[in-house]
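Here is what TrEMBL records for this protein:
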{"type": "DOMAIN", "residues": "B:183-235", "note": "domain 'HAMP'"}
{"type": "DOMAIN", "residues": "B:251-296", "note": "domain 'PAS'"}
{"type": "DOMAIN", "residues": "B:372-604", "note": "domain 'Histidine kinase'"}
{"type": "DOMAIN", "residues": "B:626-738", "note": "domain 'Response regulatory'"}
{"type": "MOD_RES", "residues": "B:D675", "note": "4-aspartylphosphate"}
{"type": "TRANSMEM", "residues": "B:165-182", "note": "transmembrane segment"}
Amino acid sequence: MGMMADRLRMAAGLMLALVLALFGLAEAQDHSPVVLGMTAGFSGPTRAMAVELYRGALACLESRNALSASGLRKVALHAADDGYEPGPAIENTVRFLTRDKALALFSQLGTPTVSRVLPVLRAYADQGARLFFPVTGLEASRNPPYVRYVYNLRASYRQEIDALVGAFAARGATRVAICHQADAFGRSGWDGARRALARRNLPLCGEATFARVATAGDDMSAQAKVLAACTPQAILLVGPAPACAAAIRDFRRAGLDAAIGVVSFAGGELLLRQLAAEGARLGVDLEHDVIFSQVVPDWRDETLPAANEYRRALAELGDRLPPPGGWDAPASQAGSSVGFEGYLNARLFLTVLDAMADPDDRQGLDAAAAAAGRIDLGIGRSVTLTGPNHQALDLVYLNTAKDGRLVPLAASLAVAETED
Amino acid sequence: MSRLFRKTLLAIVLVFGVSANATALLSAWLLHRHLTDEYVTKGRAIAMAIAAASPDALVSGDAASVQAMIDEFLRIEGVGYVFVADRMGRIAAHTFLPAMPATVPQVTVSHQEAISIDDAVIPDRGDFIQVTAPILAGEAGQVSVGMDKAGIWRVMREAVIRQEVLMLAMFAVAVVIFYALVSSIARPLAALAEYAVKIRDHDFSATPPPASDDEVGVLARAMGSMASQLSLLVSNLKQAVADTTRELNDSLAHIQAIIDNLADGLLVVDDAGRATLHNPALLAMFGLTGTDPAGRWVRDAFPPAMAALAASCLHDKALPETEVTLHDGGTGKVVATSFRLPGQARTAVILLVRDVTVEKEVDRMKTEFISTVSHELRTPLTSVLGFAKIIRRKFLELVVPALPPGDARIARGTGQIRENLDIIVAEGERLTELVDDVLDIAKMESGRCEWDMEPISLAAVADHAVKAATPLAARKGLALTADIASDLPAVMADRDRLVQVLLNLIGNAVKFTTSGWVRLSAAAVDGEVRVAVADSGAGIAAKDLETIFEKFKQAGDTLTEKPKGTGLGLPICRQIVERHGGRIWAESVPGKGSVFRFTLPALAGPTAERICPMVVAPTTGGDESRVLVVDDDAAVRRYLETVLTEGGYEVATAHGGAEALKLAASWKPGCITMDLHMPGMDGREAIRRLRADPATRDIPVMVLTVASNRERAASGADAVLAKPVDEEALLAAVRNLLEGPGEDDARPCLVYAADGGRRLSRRFLLCPGEVTSVDQEDGLWQALEKGFCGTVFVPASRGHDLDLGRLSAYPGVCVIIIPD
């Protein structure tokens, strides 16, 4: 009796599964979009950055989806908030890989989060888990053992720091200090600074840290005091926009008139906006003598097709598909270097996607990336993902600020560092 | 809240507080140790985990990965900081803000040590336990994990606070439970205590609190029954006290009434001599009515005699009574008794004062009556007997020789007259004797007899009696012998009465013995003197041995036999002997004789005879042939006049004192006989006046009276004779007064002179008796102490040095100072 019942139940189960599978295939081929999973700090210190990043990427994907009436699969960007914390980032990553059946992980934001997600990628390597274009200059994502699972677009922090140190050195600065976020992101900046200075036979004259969760309202006078001890001629600042804004404000208030260099993670325009707000509040010009390192070209450069398309896509996007936490009203229509990075990330990924034989099979991602070969992103030069560091761009763009806008200083090709 | 609860609550709070805090401290300490261990363990685990995970990143110079790793561990509870140093000792990553302090110890651990645990004190950050582990055996670097001790303290504090809160909660629950318990115990206890207080305040009507079944209930019931018993006891006690008080009051009132209504005066004197109790009678006696002598000195409020009596009674001196003069002039007799106050160590004296004025008066009247009766009986007897004797003498001397002899009728008549006169004399004498005896016994029985008690020698008395009785015995041809022991002790006795007893007994023996002998013997036996008078007479029947001592009872048939006495002799003897503290009885063998014995208590040691009758020196106041007779009774005057005239004296008579004084002054008699009891001026007054008048001062006076010895002594007379007067005795006495004592009466003389008095003038040294001389003063006093009785001659030259007062104080001693 029991055997009979089991067999009957098994047969019924098989039948049902078959029917569902047929329906599913039909749906997938016809309707279901390719899913990209994006986890970022939509809350916390990186919120503005995350939102800009998402908007830039989404603008690119939506413009393609709008064109994809004829046979092309739509691409959906699933965004999840991790609050710039590794734990939620890992959870979101695993959920994208398993439940959401995301094709790939996309544009994860932040060094501390990404550095913890890398082992997850390795763990899910058998399922073809890949992270495309994390928005971080982390060395680990460009080096073994994790470089296999990651594809980067931007230059590394080391390259950014090296470019900044080079700029400082060119200005004759010999005492360079660093103030960095007390986490892996800050440490990688610190590491980069150390190496860049060492290469120029300069010491790191002073260092200070601040908390990862620091906001613009935080008091950084303690850090100012620590750094003032070595009377630096230049200070490297490694952190997100709010912390950098607070640091620059308090350094200036403490009388530190050294040149300050900030990395791309500070968000460029985002930092500028906060500096303007703080400066207006205090009646001080905080933009002065601050060098912004960027890893994408100027998005306003009308000579670049990508920049033009980015601005147009943003305008087309409007207020659709808001990220977790909604759109931030004032910045919704304007572009930014962060948003442009997100746009470029999405544009590069679409190129890879087009090269895939089966858009549902993650195992084909590596092959597609390799097959894409040299790619024209519309930024004046072709890029490739096949390098040993899986890094598409090695360019660092230095800017200064003037009247609330970034002014390109020089674009330097960061040295492709070899590991120590 | 009851005090019990408060106290116990306090104790509980204390115990709880101490135990809670001790427990909290202990657990805090244990927790601290445990947490420290745990932190060290945790730090070690973290350090080792980092050490195990970081070599690749460290070797590859990937500081960011190292940082990411240590940031992860920083999230672990208790981790204060982590830093990693590379092989060169440079810091590869750390978690400090804003910078890594210079005070953080950087320890290099070799791979042998495996781990190092250090204490890190970082200013402004706190204390940490720093665990350092080598990475890749120190080849890659070192990792140090700082475990924040503040975490330990925080956890500890939280644990302690939780514990204290728990303790407080338990305490609150305990207090509530305890309160309930204590209330259930304390409420009945408090009620019980209230009840006990009520009982203490003698409120026995209080209802005991309701009793439960526990110990308190038992206590309550026990107290309830106790209270009821107490109530019963107290009411009984109150009743008893009330009864006793009433009885006591009654008794006191009774006693007070007795005291107040006592006819005698009552006075209680304390040992200090203050009056403490008295009665109205006493106040009335001393005229103190209306005053309160209580508390005053007895000597101030009462006659001194009473104070003296009280004091002497207090000091146990024998002075049991005295007489005082009362307020109204009467006489009070005070009797004192000392007693010890019950419950006190003090002695008090009770003085009882009785108004004996009336008794005194009656006494005096009785005495007077007896004196009068004696006087009135004896005075005629004196005359009757005296004249009868004179008649008989005259008849025999004058009439009989004048009668013609040979006439038988006349001879027979003469013999008859003579016989009749003899009978008259004999009966008169018997009547005199009877009157004397009756008066004697009357006086003795009424206690009116006066006793001159003095230590005397029985030997002398016996000698005197034997001498007096010898003629009587000789007349009957009886041999009267005396056997007196030589060492007889003295006895306290009245000499005259003792002589009376001896004479009576000897007289009886002579009277009732027809032939043979009469013997008087005396000996000292067992502290008393035994005297026996034995005879060889007819004896006395055994049935009469006792009755003969009764009044008017004589042995034999008084109706058929002629009585040979008054029948009062032996009763008088018994009275006298018993008055002296002795016994008298008779022993007899009928036909062989009788023995009359009596005893007298002996004094300690023999005492010399001190009794020496004063011998009146012959005076030459008047004509030695003249005698003045003073008596109010004419018969007595006539009789005395007859006797004295017959004796060869010229006699004048006076019937009263006044006449006697006149005659004494004018007629100048050589001697005066004086009756004491006379109308008008009595004998005593007459003698006083005679002595007061220089003209009559030296006339010797002889009192003839029936008055007592004391009266006679007090009369101031030179000689005394009791009525009825014997003719011969009267003449002898008169002769004695007029001519001095005879040879028999010679008294010895003691001369206090150096040479035996030979050089003294013989003119003055006239001594009829034996003369001895002493030349030393000691010898004089010794002689006197030995009982010398007589005249002491002292030369004037030696009289100045002699204590004449002491000398003249010896009884029976005359002192004559003579010129030398």
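Even glycines carry a Cβ here, placed using N, Cα and C.
Less than 8 angstroms from the CB of B:D675 (4-aspartylphosphate) sit B:V630, B:D631, B:D632, B:D633, B:V636, B:G683, B:V703, B:L704, B:T705, each of them six or more residues away in the same chain. The list of residues near the transmembrane segment (B:165-182) in space but at least 6 beyond its ends in sequence, with Cβ under 8 angstroms from a Cβ of it, reads 2, 4-5, 8-9, 12-13, 16, 20, 23-24. Secondary structure counts, DSSP: the domain 'HAMP' (B:183-235) has 39 helix, 0 strand, 14 coil.
Residue counts for the domain 'PAS' (B:251-296) under DSSP, helix first, then strand, then coil, are 16 helix, 10 strand, 20 coil. B:D675 (4-aspartylphosphate) falls within neither a helix nor a strand when secondary structure is assigned with DSSP, and so counts as coil. Mean pLDDT of the predicted structure over the domain 'PAS' (B:251-296): 84.
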